[in-house]
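Asks: Take a look at what Swiss-Prot says about it:
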- Gly54, Arg55, Gly56, Gly57, Ala58, Gly59, Phe60, Ser61, Thr62, Gly63: NAD(+) binding site (BINDING)
- 166-213: FMN binding site (BINDING)
- Cys344, Cys347, Cys350, Cys390: [4Fe-4S] cluster binding site (BINDING)
Amino acid sequence: MLKEEDKIFTNLYGQQSYDLKSSQKRGDWYNTKALIDKGRDFIIDEVKKSGLRGRGGAGFSTGMKWSFMPKNSEKPCYLVVNADESEPGTCKDRDILRFEPHKLIEGCLIASFAIGANTCYIYIRGEFYNEASNMQRALDEAYKEGLIGKNACGSGFDCNIYLHRGAGAYICGEETALLESLEGKKGMPRLKPPFPAGFGLYGCPTTINNVESIAVVPTILRRGASWFAAIGKPNNTGTKVFCISGHVNKPCNIEEVMGVPLKELIEKYAGGVRGGWNNLKAIIPGGASVPLLPKSLCEVEMDFDSLRTVGSGLGTGGIIVMDKSTDIIYAIARLSKFYMHESCGQCTPCREGTGWMWRVMMRLVNGNAKKNEIDTLLNVTKEIEGHTICALGDAAAWPIQGLIRHFRDEIEQRIKSFGIA
C-alpha cells in the first residue's frame, strides 16, 4: 500500500486548482534550477538508478532510453511527449494533463535538458479538448514566469515547449506514427531501424516518452533515486497510476505501488466487483491490448514481470473488470472491431487479418461457426503477431488469444447451442 507522503500525483482528482500558484504549493517547480545545475549525466544516472520504466506500456528503462541520444549532435535534438492516450479502458494521462499539467511541463524541461533538446512537443489526443486547454494555460503561465523558454528558470538553458493536437487516430499513439503526424504526414509507423534516437522528428535525434514517465521525473530527482527504487518491487519500482473501470462499484484512477495485488486495488479503491468478488468473470489488467485473465488468476500482483508470468501484461495499467453478466465472446469481438477500424493499413497481416478476425469473432458470438474455426482463428492470430511494423497487430491478436486460452469451453458451448458441430 502506498503511503500518503509517497504519492507523486497529489491532485489526481482535481480537488485543487491546476494553476501555477497551486501547483507550486504542492511542490512543483521547487528549486528546478538546482536540479538542472547538477548536469545532464547526473539526471540520466539518477533516473537509471531509480529503475523507472516507461509507463506507456512497453516498460523500457526511461534513463536507458535517454542515454541513447547523441551527446554532441550536429542536428537539433527533440523531446516528444506522447499524450495521444487512446487505448480503450485507459484514462490515466488524461487526469495528469488536466489536473497536474505543471508536473508534466517541469518534467519536459528537465528531460529536454538531460537529452540536449531545446524543443519539446506534447502531442495530445485530438478528443482531449479540455485537457489541451488546461495544458495550454499552464504553458502560458510557465512562459510568463520565465520557467520555460529562453533561459528557463534562470538556468541558462533555452527550452521551448509546444502543444500539438492530434486528429483522432489511435495509430498515432505508436511513437514513429506520432512523429509522422507531427511532420504533417499521414500517421503511419516507420520501419526500425533507424530508431528515433538517431533519426526521429525531421530526421533529427528524438526521444519519445509517455506523459506519466516524464511527469514523475522532477519528484524522483528531488527525493532521490533510492526513494523511488525502494517503492514497489525489484525491477518494478516506484508508483503507477491505475485506471479501474467496468463492473465495479466506484470506477476510479488511483496511484499505487508497483506490485500491488489486483484484488486489493479493486476491493479497496473501486468499491469491489459489482455483486461481490464471486460474481467476477474476468479482468483485462492493462488496457485493451493485453490478454484477459479469468477469476482464478485475478489475485496477481500488478507489475510488468508478475503479469507476464500469467500470460498477460501491465500495458497502460487500464483495468477493465467484467462480471458474470458479461458476454465475454462479444466483449473481445468488440475489441477486434476497434483494432480493425484503427489499423492504418500499411502491413498486409494487420490490414487483412484484423478484419478477418473480427468477422470470425462475430460468428463465434452468434455460435454460427464450426469448432475447428477456433483453432484456425488462434493460428491466424499467431501469424499476425510479430509480423507487422508496429505492435498494433500484436494488440489485435492478444485479446483473442487470451479469450481462447481461458474461455474455449464457453465458445464451444455457444457453437453447440447454435447446432453446428
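Cβ atoms here come from the backbone N, Cα and C positions, even for glycine.
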Asks: Under 8 Å Cβ-Cβ from Gly56 (NAD(+) binding site), six or more apart in the same chain: what's there?
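Replies: In sequence order, Asn82, Asn209, Asn210, Val211, Glu212, Ser213, Thr316 meet the Cβ cut-off.
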Asks: Compare the C-alpha of Arg190 (FMN binding site) with the C-alpha of each of the binding-site residues Gly54, Cys344, Cys350, Cys390, and give the closest one.
Replies: Cys390
Asks: Could you state the whole-number distance in Å separating the C-alpha atoms of Ala58 (NAD(+) binding site) and Gly166 (FMN binding site)?
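Replies: Ala58 (NAD(+) binding site) and Gly166 (FMN binding site) have their Cα atoms 21 Å apart.
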Asks: Considering the binding-site residues Cys172, Cys347, which residue's Cβ sits among the greatest number of other Cβ atoms within 10 Å?
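Replies: Ranked by Cβ atoms within 10 Å, first place goes to Cys172.
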Asks: Can you check what DSSP calls Tyr202 (FMN binding site), collapsed to helix, strand or coil?
Replies: helix
Asks: If you take the centroid of the Cβ atoms of Cys344, Cys347, Cys350, Cys390, the listed [4Fe-4S] cluster site, which other residues of that chain have their Cβ within 8 Å of it?
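Replies: Near the [4Fe-4S] cluster site, the remaining chain residues are Ile171, Met188, Pro189, Ser343, Gly345, Gln346, Arg351, Thr388, Ile389, Leu392, Gly393.
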Asks: Give me the CA-CA distance between Gly184 (FMN binding site) and Cys344 ([4Fe-4S] cluster binding site), in Å, as a whole number.
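Replies: So the Cα of Cys344 ([4Fe-4S] cluster binding site) lies 16 Å away from that of Gly184 (FMN binding site).
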Asks: Long-range same-chain neighbours of Gly54 (NAD(+) binding site), Cβ under 8 Å, sequence gap at least 6?
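Replies: Phe60, Ser61, Thr62, Lys65, Asn209, Asn210, Ser213 - these are the non-local Cβ neighbours of Gly54 (NAD(+) binding site), listed in sequence order.
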Asks: For Cys350 ([4Fe-4S] cluster binding site), which residues of its chain lie six or more apart in sequence with Cβ-Cβ distance below 8 Å?
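Replies: For Cys350 ([4Fe-4S] cluster binding site), the qualifying residues are Ser343, Cys344, Ile384, Thr388, Leu392, Gly393, Ala396.
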Asks: Counting other Cβ atoms within 10 Å of each Cβ, which of the binding-site residues Ala58, Leu178, Ile208, Cys344 scores lowest?
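Replies: Minimum Cβ neighbour count within 10 Å, taken over the binding-site residues Ala58, Leu178, Ile208, Cys344, occurs at Ala58.
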Asks: Same-chain residues six or more away whose CB lies under 8 A from the CB of Tyr202 (FMN binding site)?
Replies: Tyr78, Glu183
Asks: Sort out the sequence-distant neighbours of Cys390 ([4Fe-4S] cluster binding site) for me: same chain, 6+ apart, CB within less than 8 Å of its CB, listed by position.
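Replies: Set apart from Cys390 ([4Fe-4S] cluster binding site) by at least 6 residues yet with Cβ under 8 Å, we have Ile171, Glu174, Thr176, Ala177, Pro189.
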Asks: Counting all other Cβ atoms within 10 Å across every protein chain shown, which of the binding-site residues Gly184, Pro196 scores highest?
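Replies: Within the set of binding-site residues, the most crowded position is Pro196.
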